[in-house]
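Worksheet: one structure, shown below.
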């Protein structure tokens, strides 16, 4: 199955696929195939060969864009989250309300089966591949933590957090327990839980008196 | 290399190995081999064959005691921690002091390379094997969380925590951030960090006024 060359395309413009659209279609098919396979066989058993076969492309097409299985899964995750790492949190002026909105959204994401399995695939690879772990931390985790801290800083300036609150610690108090509960499946991930977590942290750390 | 039978042993008692001691030696060799291989090739590439070869035993010896690779790693972990899951926390009467002791010990454990790699192997398997995840949660995570809650309850009774504090949430506020930081390697795991985490949670949740 020879691919049409740009020259051939220029000879029969009405029938020739747009290479950029074809590329985007292949890229999308590869990410979809990877996501499906994650759900069916789990990260450790997914192979580039299987992704290529499922997507109907050659292995070389995948390797042209991604150096490894881990990097494909990275982009599955990015596509799922809409590439929102580091996006500012809502700021309605009410810190507690905004944090509840954000943590409820995180709960919804983690309860989504596709998101759950992609994040677990991620978590698997994080344990075994230090370079991948660093990429995830730098491109996803740290920008998200900075965005949370930025919102906390505005809240602290507005007198909604104790003046001496260490924002790194507060950001971890909000994300760590949720992550722990999701990963170890020690309790339900609900909006009520998200709300209680936010309220416990903020009530505890509100200015006194 | 035929193994000696009990009958042979009774005929030459001085040369015959004690079967229980031999078993214990084999068991220890298997756990050591598994731990070494985790460090050398990572969980996903460890096989029962490789563990058997390294330990100098047959595969069947491993399968006699453990149904799977995951269960061997479970026992590597248990041996490392001295089987202390669910052990009561220290109670000197000073809640903050006792929690600092416990979290500092956790930090020390996670900074130990053998413990780190075993816990990461665990974390990998947890994502991919729900039955294993349930076993870990029931046999390790939940007993440990209950032990923390028990100590928190005593502290709450002694007036060192707000009367309305939700102990499930407080236990997660203490363990979740540390776990999150370890897993995603977002910051240093030090005694100073353990102390600050305990102080932030307890100061925030101390009774008011």
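In case you wondered, yes, glycine gets a Cβ from its N, Cα and C as well.
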Could you check which of B:47-66, B:67-86 is flagged in TrEMBL as DNA-binding region?
B:47-66
Intrachain residues whose Cβ lies under 8 Å of the DNA-binding region (B:47-66), provided they are six or more past its termini:
26-27, 29-30, 32-34, 36-37, 41, 72, 75
Per-residue pLDDT averaged over the DNA-binding region (B:47-66) comes to what?
95
